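Here is what TrEMBL says about this protein:
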type     : residues : note
DOMAIN   : 19-367   : domain 'ABC-2 type transporter transmembrane'
TRANSMEM : 21-39    : transmembrane segment
TRANSMEM : 182-204  : transmembrane segment
TRANSMEM : 225-253  : transmembrane segment
TRANSMEM : 259-285  : transmembrane segment
TRANSMEM : 297-315  : transmembrane segment
TRANSMEM : 351-369  : transmembrane segment
Amino acid sequence: MILLNIIIKEIKHIIRDKKSMFMMTIFPIIMILILGSALSQSFSASDSISKVKVLYLIKDELKVGEEFEKFGKEIEKNMDVIFIKIDNEDEAKESIKNGKVDCYIKVDTEDTIELNSNNIRDFNATLVESLVNTFVEKYNLLEEVYIDNPLAIEKITEDSGELNFVKIQSVANNKMPRSIDYYAISMFTMTILYGCSTGIMSMLRENVTKTKNRIYVSSASRLQFMIGKVVGGTIATSFQVIMVFLCSKYIIGSNWGDNIWVVLLVSFTMVIMSVCIGVGSSYIFRNPSTASIITNILIPLMVFLGGGYIPLNAFNNNLLNSLSKISPIRWTNKSIFQIIYENNFSTVGKAISINLITALVFIVIPILFSKRGGKISGKYI
């Protein structure tokens, strides 16, 4: 009952805070409209995908290598992809490292195709990986057909003149994010990250309103208090970000794809993480005001590294893209964009794991390493 009362109290305080409601609902919508309109030219369909450059090396006279070269030429006719044959593997790896090309493919045996890519232009690398997977699947299938029935391969070749490994389809414009779509997602996740402030202000409020004295006499343990703060903050923040989601989807008209529930699941784990960071950092720094200053410095940096203000591939900088891995918002953004525009769920587990592990760390550390245990002490609030 004590835990439930703390949760209800927390929700009421946050929802009644007009400043918090404005910053977490109205302000993100305004930012979506401003950035989406001001930078619309940067997201035009013609510039959405840069020309994809692929280096490939084929060792010896391999049958699979010969078919791969035919495959590459067919791709070049239908897509904005360039396949360049090279002989020096070291130069290829250096080009990948420096971001001069998107992928390097090595065909060194009949059974192995090795793909190397950088993390500067994620979409380009994902596109090449999909194309190579298509080639491998079709080639393996045709090899099995040849082993079982060689005449069937001859029949296919006679009918088509060659072995077609991939059916090329143009990418529809609505499968690439417009500026309004991009900033709807980036401002949405930025709002979630500012849930850290919700957790911090919740702890600060206990000092300002003197309600902590009543909590002392209620026999609430430190764990109950923290869980109540996290659950209440998570529910209230979820309500706020859902408002942003609904406005961006149904009023602004941004694209959230067909797998909305998966997108919301990933986003919900980020809400939990953000509130836990806020509550936990207040204990770690022993002063909510100090925690607020530090998080207000770090949040814009994390948003920038997560591509919240501008896509990082615009900088074409390998170091910057490597640094972006420390930003939790980067993994959530990447997962959401892949779900919506590629129907790719491969990064969902990673994004959820990063969010929940980070949340757990910020809750467990204050409990394990506090100098005092048991009841709540004013020293830690």
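Placed from the backbone N, Cα and C atoms, the Cβ positions cover glycine too.
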Please report, as numbers and ranges, the same-chain residues at least 6 past the borders of the transmembrane segment (21-39) whose CB is under 8 Å from any CB of it. 15, 178-180, 182-184, 187-188, 190-191, 194-195, 198, 237, 240-241, 243-244, 247-248, 252, 254, 309-310
Select the range from 182-204, 259-285, 297-315, 351-369 that forms the most Cβ-Cβ pairs under 8 Å with the transmembrane segment (225-253). 182-204
Top stretch among 182-204, 259-285, 297-315 for CB pairs under 8 A with the transmembrane segment (351-369)? 259-285
Distant-in-sequence neighbours of the transmembrane segment (259-285), which means Cβ under 8 A and at least six residues beyond its ends: 188-189, 192-204, 226, 229-230, 233-234, 237-238, 241, 245, 291, 294-295, 328-329, 332, 335-336, 339-340, 343, 345, 348, 351-352, 355-356, 358-363, 365-366, 370, 380-381
